[in-house]
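Quick look at what TrEMBL annotates:
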| type | residues | note |
| --- | --- | --- |
| REPEAT | 176-210 | repeat 'PPR' |
| REPEAT | 247-281 | repeat 'PPR' |
| REPEAT | 282-316 | repeat 'PPR' |
| REPEAT | 317-353 | repeat 'PPR' |
| REPEAT | 424-458 | repeat 'PPR' |
| REPEAT | 459-493 | repeat 'PPR' |
| REPEAT | 528-562 | repeat 'PPR' |
| REPEAT | 563-597 | repeat 'PPR' |
| REPEAT | 598-632 | repeat 'PPR' |
| REPEAT | 633-667 | repeat 'PPR' |
| REPEAT | 668-702 | repeat 'PPR' |
């Protein structure tokens with residue numbers, strides 16, 4: 001199967017990373033990943049089912065011993081796994097698996113997996129066989145039920161497992177704690193919270209007595225579902241009612257749950273309770289808390305907690321450094337020197353970077369410096385590295401995705417699957433993210449389906465990338481379906497809701513966005529720093545200033561520290577609303593909170609003051625900006641020059657143009673357009689022509705605004721000068737647009753040629769040119785003018801002919817441009833049309 005590619009293949013220049021794949025494949029069959037028991041599974045199931053690593057050693061020894069000493073073992077294995085799934089009667093296969101399970105306790109999990117490979121096709125037969133009352137004692141019947149229970153659990157079939165569990169209870173037997181723990185995890189994963197609670201209640205009433213592992217499974221399930229109050233209550237009754245003492249894992253689960261759902265304050269209270277009750281925090285505890293502080297922008301506290309680890313004798317691990325590097329945003333913001341320093345500190349401490357480390361660093365390195373990316377990939381150890389084959393594969397796939405070579409990334413991943421190289425969710429997520437970014441949502445969902453077929457459980461990141469891709473295309477209804485699927489399955493939802501919330505605001509759909517915000521509260525999800533920032537920014541974008549300020553205030557009262565981006569959003573909203581007093585007050589508050597206003601903050605305030613015409617205060621703010629070490633940029637100068645031009649103060653505008661050159665700040669096309677518009681508005685077309693010459697001399701390409709500004713001036717100027725400048729524009733390959741047409745049509749009306757405007761409008765309509773609201777208003781104006789068309793003089797006729805000439809040139813240029821455009825429609829030949837059904841796709845997971 002071939003997936004869509006975002007970039008063209010380059011067959012003559014094979015990517016060096018594809019050569020690395022061959023080396024990867026040649027070293028990927030290490031004993032760490034090789035599971036000898038997999039050879040007894042049917043080929044369709046080898047990558048889906050495998051023994052847990054902790055059970056493999058004992059199972060291998062028991063199987064080797066039986067193969068040497070017991071001919072019956074050979075027969076049992078052949079009966080269960082030989083040939084196709086239906087080459088021998090199912091009852092005989094079940095019986096053979098039962099004999100294998102009875103031969104050694106270490107082989108019970110292996111026998112259960114052999115039966116799980118026959119499911120779900122053989123589900124009804126297995127249920128019937130396990131409850132059969134034919135020959136055999138009660139002990140044998142219980143062994144059959146136990147084997148069936150573990151087989152259904154291994155196959156992920158919770159409903160059938162509950163059915164078998166009920167039969168075990170009715171037979172008077174007590175199920176094992178390991179089976180019940182696996183069942184609880186399976187039920188919570190499927191969102192069956194009520195069923196999981198019923199299983200737990202039955203344990204408390206009929207046994208076996210819940211162990212620490214059972215309680216931790218319950219805590220984890222409740223936290224995944226956002227039921228933090230229930231989880232906290234369960235922690236309280238563990239020791240008091242059942243005599244089970246919570247361990248560090250119990251507290252870590254609860255602390256993580258509170259952090260994920262935005263209750264970081266309660267998470268730190270649990271941390272204090274953990275310490276005072278004599279449970280020593282682990283490195284995982286600190287990693288969770290450092291991570292949440294980083295995400296909330298509380299970097300000083302995060303670093304302090306990181307340093308505290310060494311003081312209490314806990315060594316930071318690779319995950320700790322990953323959290324700091326990613327949380328600090330070194331790689332994300334291009335601060336690669338600091339990221340590299342943290343990376344080197346890891347090496348000095350003897351820590352082994354994993355695929356996440358390399359992905360974080362390489363993503364930033366490749367974005368901000370290609371050579372750095374190459375060094376990181378080399379350091380990853382493409383030949384003989386200490387990181388695993390799966391991790392090396394992830395790094396290679398990520399690198400190809402950053403390089404835009406999605407065909408090669410898929411070829412790499414597909415080749416690894418075919419060759420039996422272990423693949424992980426991280427590699428799939430990288431490619432799904434790349435497809436979503438390129439707008440290839442069908443390719444992304446096809447990859448999601450492949451993950452499910454391989455038995456890889458999608459992570460929260462998987463769904464987030466799918467939601468992001470749909471949101472970028474404005475397909476919010478489908479994104480909502482994915483979000484609802486995540487809610488039903490108990491996934492972590494904080495980032496998912498934030499992506500959907502931000503997309504709703506960007507689409508201008510305030511109703512949808514506010515509903516999303518309310519839904520977060522309904523499911524018990526407390527917005528974190530990122531969610532609040534997106535909410536405030538979205539409200540500001542739609543000019544809901546009061547609501548944005550209220551949300552901003554609530555954010556600060558919850559202990560979430562706004563960053564520069566959040567402050568800039570709310571300051572900008574107040575400036576647009578004309579409330580400069582509140583905007584300046586917020587800038588002062590920003591400084592008091594320890595944040596340093598950046599050049600963007602200053603530009604926002606300068607723009608607001610310019611809108612009010614308060615140019616004296618602009619000068620003062622500019623001086624204040626420079627005294628604080630901020631260097632005015634092109635946007636700063638453009639804003640001020642535009643304000644002086646609007647105030648008809650050409651000397652003041654020229655003064656700031658000179659300051660701009662003196663400061664070494666190069667003007668851009670916006671600077672020239674502002675200046676040109678002012679000159680044309682003041683009928684200084686000769687000077688506008690000189691600006692056009694300066695543009696050409698500096699190699700700054702004019703854009704449509706430049707042309708339209710000049711055309712507007714030409715149409716109003718003296719005929720001779722206008723014709724000369726028109727010739728120069730035509731030589732510069734003038735590219736007109738709808739605004740250009742509107743300029744000409746409006747000038748026909750201004751100069752009393754409404755009839756000609758209507759004639760050209762009709763011709764444009766016949767050729768299917770798209771009119772905007774301005775065009776329609778001009779046509780109405782022309783109809784009114786036509787009723788009063790004065791007798792044209794000789795000069796008026798010349799002016800009309802000149803406008804006709806300009807209009808004709810514009811029309812011809814646009815017409816030729818439209819007819820020469822080739823329409824490229826990508827095809828999705830590699831995809832199943834049924835895959836577009838969102839619920840069908842998600843339900844396969």
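The backbone N, Cα and C atoms fix where each Cβ goes, and this holds for glycine too.
Residues 262, 264-265, 292, 295-298, 494-495, 497-498, 501-502, 504-506, 508, 510, 513, 517, 520, 569-570, 572-574, 576-577, 579, 593, 595 of the same chain, all 6+ positions outside the repeat 'PPR' (528-562), place their C-beta atoms under 8 angstroms from a C-beta of that stretch. Same-chain neighbours of the repeat 'PPR' (282-316): 248, 251-252, 255-256, 259, 264, 267-268, 271, 274, 323-324, 326-328, 349, 351, 528-530, 559-563, counting only residues six or more beyond its ends whose CB sits under 8 Å from a CB of the stretch. Note on the repeat 'PPR' (633-667): DSSP counts are 26 helix, 0 strand, 9 coil. Tallying C-beta pairs under 8 angstroms between the repeat 'PPR' (459-493) and each of 176-210, 247-281, 563-597, 633-667 places 176-210 first. Across the repeat 'PPR' (633-667), mean pLDDT in this model comes to 88. Within the chain carrying the repeat 'PPR' (176-210), a Cβ under 8 angstroms from the stretch's Cβ atoms is held by residues 146, 149-150, 153, 156, 158, 161-162, 165, 169, 217-218, 220-222, 224-225, 227, 242, 244, 457, 488-490, all 6 or more beyond its ends.
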